[in-house]
Amino acid sequence: MGYSVTAGATGRLLFGYDSFGNVCGKKNSPVEGAPLSGQDMTLKKHVFFMNSCNLEVKDVRFSSTILCVSSCPEEQLNTLEEVQLFANTTGSFLCVYSLNSFNYIQNPNADSLCPRLPVPPSKSFPLFNRCIPQTPECYSLFASVLINDVDALHRILSGIMSGRDTILGLCVLAFALSLAMMFTFRFITTLLVHIFIALIVLGLLFVCGVLWWLYYDYTNDLSTELDTERENMKCLLGFAVVSTVITAVLLVLIFVLRKRIKLTVELLRVTNKAISNSPFLLFQPLWTFTILIFFWVSWVAVLLSLGTAGAAQVIEGGQVEYKPLSGIRYMWWYHLIGLIWTSEFILACQQMTIAGAVVTCYFNRNKNDPPDRPILSSLSILFCYHQGTVVKGSFLITVVRMPRAVLMYIYNTLKEKQHGAWSSCVSRCCYCCFRCLDKCLCHFNQNAYATTAINGTDFCTSAKDALKLLSKNSSHFTSVNCFGDFVIFLGKVLVVCFTVFGGLMAFNYHRVLQVWATPLLLVAFFAYLVAHSFLSMFETVLDALFLCFAVDLETNDGSSEKPYFMDQEFLSFIKRMNKLNNARAQRDKNSLTNEEGTELRPL
């Protein structure tokens, strides 16, 4: 972070800069050897290309001279007299700074120092405050060079910066939806679960329909000449296919598990009773969300600085060019590792804190007198003894997710270069395997954190103990955890669905000059992490409760000498669940016996 802040210049990316090293919209420092640098551009906030209709890129720099102007010419200027009149009336000088506006006509070098005539009408677009020409022929050439010929990193950053207001609004929407889902689970009933599942089904179908409709709209649009539009169309097809597959799988699971809704509601009521013993657990995701927001803002700021890190070099004509530092462009991979590891570390700290508070309340003999400040006690134990545990757990997730990102990059590269279908298929299958391993590791880590809170052991020992406990009590855990975790996962899906739908509607308005696949993925990632940070509280409480229950069964037998720590409501729920499982097993056994008897009966 320190290196990128000192070496980078985020202002150049945010506001744009001219050919002489001046950032538009701010006061600049002079560059040695460049006489037109170091000017005060506070009132000149727009970037103007003197030759916007014949723009070219040579050696990763524009051939046209770029200036900072106070306003873009909204009408076509056909002569130097009109350019001079525009400068005198608006204070927006379209010729090189060294030429005074009174000499636009008299100076013999005015043709080379002023824009090529006629100057097309233009207006400022939110993409780096550039003056975009509005005539069809100029617009097509200008946009194709401006967007298609820049490198991938700047294209990604331009998509993020041009849609920054939309991204911020969608993040607020994800936060509000996550809060609503958390309080819905807090006061859940059977009717609410039915309404909730109906909303999820409608949301999934609606998002799939919108994605396929937008893809159809792109394919029938004859003006898709830019790489941005073609990339958006490819991303829409990918999003539509993936969302259709996910929707089909989730609908099948909802149909299969529809008869177990009542048991799920009872399970969530038991979880809510455990939360009521420490009601401040509901506010736990808020400080996690605040820390995540602070970290993500700083991460994006560093990414922007990395994208603009470069040393100023003076070239012919006193112009300034920023050469990227050697190897600096590849540091964003290292920066991506930091994003995943640190985000997972913050979420792991939340899981550890919640598990510690649940364990403290569960192993309290006097249920009428709950322990004082269980969350603060859990936090102090976390920071004093178990930082290494959460570092190891979050590192395991990072080790799995980084190969996923690399494989996705390889798959896209092979697809663009039209390599064989076999290599693309292999990379895609490896990506899916890593994704499944990631899901298993997340659940594995959560159980390890809960066991650490119970026993006070390190990560590896806790993970081994958790596996032993789960294998011994598999009949208790498999069905119950599947019910609860699946419903909580549906809550996260609902938040992501509505946030992505809002993003599709918002980003589609700027689909020509913006590759909005990256901002949309960023918003979806943010929405899922926010929903996960809020709703994973119920998952953590659920897993910690059943691990406490398993330890309780291992050490106690329910007698007067060794009574259980669990309360009567939780014990009755476990008995009722076991009774249902035993009845189902007996029914399956009877049906199997009848089938065998039918086959062996003599004809």
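Cβ coordinates come from backbone N, Cα and C, glycine included.
Please treat TrEMBL annotations as automatic predictions, because they have not gone through curation.
Annotation comment: TrEMBL describes 167-188 (among others) as transmembrane segment. Beyond its flanks by at least six residues, the transmembrane segment (167-188) meets 160, 196, 265, 268-269, 272, 275, 282, 285, 289, 488, 491, 494-496, 498-499, 502-503, 506, 519, 522-523, 526-527, 530-531, 533-535, 537-538 of its own chain at Cβ-Cβ distances under 8 Å.
As annotated by TrEMBL, transmembrane segment applies to 195-216 (among others).
The transmembrane segment annotation in TrEMBL covers 236-257 (among others).
Annotation source TrEMBL lists transmembrane segment at 286-312 (among others).
What TrEMBL lists as transmembrane segment is 332-363 (among others). Long-range contacts of the transmembrane segment (332-363) within the same chain, counting only residues at least 6 positions beyond its ends with a Cβ under 8 Å from a Cβ of the stretch, are 153, 274, 277-278, 281, 284-285, 288, 291-292, 295-296, 299, 302-303, 306-307, 370-371, 374-375, 377-379, 381-382, 386, 389-391, 393-395, 397-398, 401-402, 405, 445-446, 449-450, 452-454, 529, 532-533, 536-537, 540-541, 543-545, 548, 552, 565-566.
The feature transmembrane segment is assigned by TrEMBL to 486-507 (among others).
What TrEMBL records for 513-531 (among others) is transmembrane segment.
Same-chain residues lying 6 or more positions outside the transmembrane segment (486-507) and placing a CB less than 8 Å from one of its CB atoms are 163, 166, 169-170, 173-174, 177-178, 181, 184-185, 193, 196-197, 199-200, 203-204, 206-207, 210-211, 214, 250, 253-254, 257, 264, 268, 514, 516, 519-520, 523-524, 527-528, 530-532, 535-536, 538-539, 542.
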